[in-house]
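J.: From TrEMBL, for reference:
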type	residues	note
BINDING	A:33, A:34, A:99, A:128	[4Fe-4S] cluster binding site
DOMAIN	A:34-141	domain 'NADH:ubiquinone oxidoreductase-like 20kDa subunit'
DOMAIN	A:254-379	domain 'NADH:ubiquinone oxidoreductase 30kDa subunit'
DOMAIN	A:523-793	domain 'NADH-quinone oxidoreductase subunit D'
């Protein structure tokens, strides 16, 4: 606008902008890891209230700032777009974190390479994840933008001209945006070298390197008995594998597909060693093997015997990737989701499956992502646009529940965006009044394709991805992964590293359980505990930051040890925390545990029996709350856990109250372990001297050329691991997290399978929730402690 | 403050409790004007930009299934009706208690009739099953 009125409204513009910028109302919208830091910014140490933005609104109608915190998945993109549309005007968008900015680490089929392809972004916050201070920086930049760039008086008075609100245009690939990973301006310049893509990195010198064979397996007496027994009952239809190399982690049987349910049922109910739990069920695409396997696909069943603390693996070779085999849902109901996942990811068919639909990907998704010929990189696929949002619109609630919803039930979508879902998961509830009659679960909104990424990152490069599998447990995730790889290659970990790993894992268990404590009670309606919990959690994160330099995702473990030695001053900090924390724990109990309202809300609500919990593969504190004293740290110790003295807390009923108490007790036990680890921390190397696979210690690389060469080779193209397969599980804060790493003798995994506690735990949720009222449903979800990337991966 | 020898106010203290219709009318008019201005401004200054997505009901970011008008069990409605009933009863009893010295025994008897009739109504509703609702199907 020019002419009359120019400058007339400057004073009112300034006043309106001043009012707006100092009372921004962020939308309570989190996609993944970044949201934890966004929520921490709201907590006591950082206190976002200083910026006038502490009121995170649960409804888009009451919010005017959308902070896209986390990974923009293709499945969630239509939802995010709708929520943005439903926000009140004028509105602004902050993109928080690398994933939202550009896809970040996740250049993979399921992730939109930048939220700006569908949403107009005003401010970008870099980081993975950005610290709470960075959130403030972003917020202040937005405030500056509002104050400097907007002329709201005219639009407010319905006059032509002026401006208010954030950008309104989104970016279009090729026109306003460039997805070239080298940055803009490189158009027409050919990419030098080749990307590491499946099945292997072309031209790598690692191909000519020799690696020693993997350690073999010597059967124990019990395993011999089982092998003899299976041979007697099933003959050649269930025989010990004769492939070379033989997996060294557990006995592996080759089972004829037709007899599979029979063998599984036998192992579960009649065998001399009973295998009560279906630990994992997955598949392998064998078509890209260096040495052709003779069949195109293999289905892998991993079973755990809790009575004998041992494991067994069954493999089922299939002639083609479209083959079918009988379902295992008749033996273990929890095979349901595992089979659906294997079917959509590999194209297999499971005959007799009760619900053969896609699980993680959208109904209309094309292709089977974990097949070797499927293009995994999003940057090699067409850009995601707003038109795709319409195509991938979430399916209707009635379709998810199917016949389980009776006529006259009200179908309620609980999530993917909701305070109480703790992440982007969608429950569909068939309601009669306040009562949940049937519950359907739609997962996959947080599917980051991490198993596909594992097939193109070198063994070391994959470590940062493991941090983000359970984004509240950082190093505890690293531990599961490196344990599996170390098992595969037979790498010995020096005692100092083993102790430090235990200490850090337990610190993360504490940090996770503190977050649990706060959010559980917040969902029950208590506002204060989360502030106390975040205060203590910051102390834990301070220790972790001192040692590792990171907060949520330190990526600090390495094959054979740690990234660096423990720094000066770590012990004083740990000792101070060990002294302070028991008193704080007492405070929590005094304030919460005996609170009659908490008891009334949680006692006897959402209980599950121990036997059912085992049958459904529930692990971790949720299993122990049901009275099963099974903890991998005790039952099948890994790392240095056998050296430590601690108890396994259990409870009886498996209801919400018990789940809460078990975690409170676990915090005390974790503290005992931390105290012992700190007091008895051994000296010596922090990285294994197995230079073939491990990085050399940093100081050595600065002194001798041999170490420098090893460092260079193992960092750039990565170590070449022997062919083989290994499964290792650890007791992560939320339950048992296992990595099944398959190597074809390359610098990358041939298959990276992650068995997560959340997947099995959440699958069993309808058992606990159906029949409860909707308020109790929230209590069960809050007490259950799951996390989304851990379910969807 | 009572007038004393040392201090005598020149004007009698103004009391807002003095009867008089004019202040009430002025007050009412001011209230109406303020309300009208607020309502007008909040309607005028707001920026309405309806889009199809924005007009949809918010249901966690998903398109809702089925209509919002359906047969819904009404235990909360019943609860609310009962509450209102007894709330009104309480209001009567308390105002009656304040006026006890003037009303005396006749007042007591009249109120007793009222309470008994209400009590009979409650017994009737209770016996008909008005208090045991089926929370899934309503009454």
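Each residue, glycine too, has its Cβ placed from N, Cα and C.
Note that TrEMBL annotation is computational and uncurated.
Give me the lay of the land around each of these features.
T.: Secondary structure from DSSP puts residue A:128 ([4Fe-4S] cluster binding site) in coil.
Model confidence over the domain 'NADH:ubiquinone oxidoreductase 30kDa subunit' (A:254-379) stands at 89, taken as the mean pLDDT rounded to a whole number.
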J.: Of the residues in the domain 'NADH:ubiquinone oxidoreductase-like 20kDa subunit' (A:34-141), how many are helix, strand and coil by DSSP?
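T.: Summed over the domain 'NADH:ubiquinone oxidoreductase-like 20kDa subunit' (A:34-141), the classes give 44 helix, 16 strand, 48 coil.
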J.: Looking only at Cβ atoms, how many others are within 10 Å of the one on residue A:128 ([4Fe-4S] cluster binding site)?
T.: 17
J.: Can you list, in sequence order, the residues of the same chain other than A:33, A:34, A:99, A:128 whose CB lies within 8 Å of the CB centroid of the [4Fe-4S] cluster site?
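T.: Output for this site, in sequence order: A:32, A:69, A:70, A:71, A:96, A:97, A:98, A:100, A:104, A:127, A:129, A:130, A:468.
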J.: Run through the Cβ atoms and count how many others sit within 10 Å of the one on residue A:33 ([4Fe-4S] cluster binding site).
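T.: Other Cβ atoms found within 10 Å: 25.
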J.: Using Cβ-Cβ distances, find the residues under 8 Å from residue A:34 ([4Fe-4S] cluster binding site) that belong to the same chain and are at least 6 apart in sequence, listing them in sequence order.
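T.: Correct list: A:69, A:70, A:96, A:97, A:99, A:100, A:129, A:130.
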J.: Under DSSP, the domain 'NADH:ubiquinone oxidoreductase 30kDa subunit' (A:254-379) has how many residues in helix, strand and coil?
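T.: Split by secondary structure, the domain 'NADH:ubiquinone oxidoreductase 30kDa subunit' (A:254-379) comes out as 27 helix, 35 strand, 64 coil.
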J.: Would you count the other CB atoms within 10 A of the CB of residue A:99 ([4Fe-4S] cluster binding site), including those on all shown protein chains?
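T.: Within a 10 Å radius of the Cβ of residue A:99 ([4Fe-4S] cluster binding site) lie 30 other Cβ atoms.
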